[in-house]
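A.B. asks: Dropping the structure in here first, questions after.
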Amino acid sequence: MNKKSVKDIDVKGRVVFCRVDFNVPMKDGKVTDDTRIRAALPTIQYLTEQGAKVLLASHLGRPKGQVSEELRLTPVAARLGELIGKEVKKADEAYGDAVKAQISEMKDGDILVLENVRFYPGEEKNDPELSKAFADLADVYVNDAFGAAHRAHASTAGIAEHLPAVAGFLMEKELEVLGKALSNPERPFTAIIGGAKVKDKIGVIESLLEKVDNLIIGGGLAYTFVKALGHEVGKSLLEEDKIELAKSFMDRAKEKGVNFYMPTDVLVADDFSNDANTKIVPVSEIPSDWEALDIGEETRKTYADVIKNSKLVVWNGPMGVFEIDAFAKGTRAVAEALAEANDTYSVIGGGDSAAAVEKFGLADKMSHISTGGGASLEFMEGKELPGVKALNDK
């Protein structure tokens, strides 16, 4: 990684503004999944052990620049305290005189969680005044929020113009793993691209076609490719305006010598529900009033074989509507193949793919699960992420 890390800077006795991703699911004022809080612990613990005064800043939900009582970070601060085993204080604002007064009472190693940065309209606009107000609180800026690195916001980009800016350990690991996968991959290198829409994955497919040995397509976006081959897709998801693009991707794969895998059979249903009538049909025989909602058995076996013969697999997007058990077998088959492939380094690109491996209880069998859905996607597209660009070079 060519960016400075938290280890490249002396933080003892200094106030550190650390941007983390604590955008966690909540119910009845309690954190229901603390994965993202745990992911930030190594950086937080390191900063406290080094004697920094640690300010933690995060967004939670989408309050749209207004205070929303149920999106305060109070329950998050409480959960962090339990996980870290020490008192964690909470501020009622994210900047200003009251916060400065609290900071003046902090001792080395203390932690103060600032209020939800998205309560301020300037955050998502990357407002220079808000950026400066955040910077005025601290001596050093650490960004450990890879999940928000694709956003040019005040707390992810603007603040870095005013302070020494370095990466936390989570950010560093994400950039190293994803960077190595794209610049110097072990081969055979396989990418699995799923999810609902071709339009969301155009950039990543274009980028990966230049790098991979095998490209596997699944999920709702597959049916635009099926249609491009001249088959009818019934009531399945279809982007009419992307059919020509799908054809061009298949042509480019052929030109580049990339093995392009698409479903050969699919699970179709007469209704979008768990108790729908379902059957597996060849991809060329989808009934006109049925909808394909998962890959079929033959396709599952083919995809599993490709995975097991790969040295590196990057996975972004499910194979079907895995949230409904009846349509989860394809996504589960991919997750299980990755879990069983001992010689394969597996990179799960956040978002739905990460949720799927969690759901199937296979998360601990994956080599790396990215904490950023949108960020990992943009990184794999070859885009420079604003939150990374803003950090100091080594």
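Cβ coordinates are placed from backbone N, Cα and C, and glycine is handled just like the others.
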A.B. asks: The substrate site in Swiss-Prot includes D21, F22, N23, H59, L60, G61, R62, R118, R151. Which of R36, R38 is also listed there?
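C.D. replies: Candidate in the recorded substrate site: R36.
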A.B. asks: I want to check the contact list for R118 (substrate binding site): same chain, sequence separation of six or more, C-beta distance under 8 angstroms. What comes out?
C.D. replies: H59, L60, G61, R62, P63, K64, G65, L71, E124
A.B. asks: Report the nearest neighbour of T299 (phosphothreonine) in space among the binding-site residues D21, N23, K201, G350, S353, comparing Cα positions.
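C.D. replies: Result for T299 (phosphothreonine): the nearest of the binding-site residues is S353.
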A.B. asks: Among K201, E323, G350, G351, D352, S353, which the record lists as binding ATP, how far apart in Å are the two most distant Cα atoms?
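C.D. replies: Comparing all Cα pairs, the maximum is 20 Å.
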A.B. asks: When the number of other CB atoms within 10 A of each residue's CB is tallied over all shown chains, which of the binding-site residues H59, K201 has the maximum?
C.D. replies: H59
